[in-house]
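Record features, source TrEMBL:
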- 49-173: domain 'Autophagy-related protein 16' (DOMAIN)
- 91-189: coiled coil (COILED)
- 226-267: repeat 'WD' (REPEAT)
- 268-309: repeat 'WD' (REPEAT)
- 310-352: repeat 'WD' (REPEAT)
- 361-393: repeat 'WD' (REPEAT)
- 394-429: repeat 'WD' (REPEAT)
- 453-481: repeat 'WD' (REPEAT)
- 482-514: repeat 'WD' (REPEAT)
Amino acid sequence: MSKVCKSQEEIANEAIKHALKALKKRHLLEEAAHAPAFQALSRPFAFQGSEWKEKAENLQVELQQCYKAQSRLSEQLVVEVAESRVSKALVQEKETAIGDLQKELTEVREESSQLRLDLEQKIKELEVIVSENSELKSQLEQMTSKAKNAEAENKMLIDRWMLEKMKDAERLNEANALYEDMVQRLRASGLEQLARQQVDGIVRRSEEGSQVFLESNIPSTCKYRLNAHEGGCAAIFFEYNSSKLVTGGQDRSVKVWDTNTGSLSSNLHGCLGSVLDLTITHDNRSVIAASSSNNLYVWDLNSGRVRHTLTGHTDKVCAVDVSKVSSRHVVSAAYDRTIKVWDLVKGYCTNTIIFHSNCNALSFSMDGLTIFSGHVDGNLRLWDIQTGKLLSEVAGHSLAVTSISLSRNGNVVLTSGRDNLHNLFDVRSLEVCGTLRAAGNRVASNWSRSCISPDDNHVAAGSADGSVYIWSISKGDIVSTLKEHTSSVLSCRWSGTGKPLASADKNGIVCLWT
């Protein structure tokens, strides 16, 4: 293509040169032809006629026309040269574009061949995957069949296991009934002897596992100040017939303290939320914590391991208590408007009570058949644990109930409320038999816990100003105000042996008072 273009350009140049030579030759010829005329005209002669003059003028006009034709040809030649150059540039551009298109065509062909190879490879891989998928489907069908068989076998084993557990439970109930009958006989036979057996204000029961009664002293001195938990401590509980105190806090830990030395005995881990309430079984074997993670956690105190995680609530669990008759039954309340009864032997919920008002605090009755619950609407309610039916209801406070505490003899129940009142109810009539108040006493939260002393003579309650107020139940007056905390006191608990009194605040500090 380039050779053709070069030959055309050479032809054009030769044509231009030839035209110029022809013009020059014609010009020279014309000059030679007109030279004698010019010479003759230039000579002076006498008889120069008009004819010669006219011929000269015509020749001059013709010469001018030749010059004009020559100029037009020159202009035309320049235009043709310019057009030739433009054509040459266009030809070069076309050649460049043709070269680029040829390269692009080559690349596209190579890419097409590569894509064809990739497509063949993908098709082969797809065939392999389809074959593997068919094999996996067959394996899945086999595994599904095995799983169904295993599930049926597992269900059969669970049924057999539950049957055996029910048999064991029946045997245990029979043994407990026999044991309780023997205890009742021992109580009846040794009642007079037990009534006379009184030393240093201490009266004991003879059967194993019984509680120790000690006359409570009015505390006045902070013996130990424990940095128990980070972020606050709202749950404390003493072991039965022991000086050990169990605390739970916002740092998701449960700790056991020796109140005689103020030292940490053990740390229970595994809780996934803040501890809002605590209780301990009467055999001191298990600790049960209500948590903001919507679960309850049951630890074995001897091993420190989580024995059960009781799930079923859909909001934070704020209250928990264990039966005073059997360590098997536990009751809990959460902000999902439910109260649940749990069986610790089986590890699951046996009954659920649904009510429109959230429950902040609850407690078992002494016979283990009734549940006392304090609600956000300020009412105190009694429930049948077996049927879940509401037995009775009384307006206890104008604002939310925050705490429920049962007296040692089971005849009086103490309720505290956000109206800053502490009411004492006669369990038999549900009538208010006493109201305790103080000018500076302000209940700090919806889960502020107050308590009754073991001898049923005093009430202790914390305040938002960091004070602990102690009232005399018989007089209805304040007998002591304890000041050591620097933040709101959230919980108070008296040891079952009469001393010490423990109090916990919003900073996680626990004070032991004697």
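Glycine is treated like the rest: Cβ placed from N, Cα and C.
Just so you know, TrEMBL annotations never went through curation; they're auto-generated.
Computed over the domain 'Autophagy-related protein 16' (49-173), the whole-number mean pLDDT of the model equals 86. Summarised by DSSP class, the composition of the repeat 'WD' (226-267) is 0 helix, 24 strand, 18 coil. Most Cβ pairs under 8 A with the repeat 'WD' (226-267) among the ranges 310-352, 394-429, 482-514 are made by 482-514. The DSSP breakdown of the repeat 'WD' (453-481) into helical (H, G, I), extended (E, B) and coil residues amounts to 0 helix, 15 strand, 14 coil. Here the repeat 'WD' (310-352) has, by DSSP, the following mix of helix, strand and coil residues: 0 helix, 24 strand, 19 coil.
According to DSSP, the secondary structure content of the repeat 'WD' (268-309) in residues is 0 helix, 22 strand, 20 coil.
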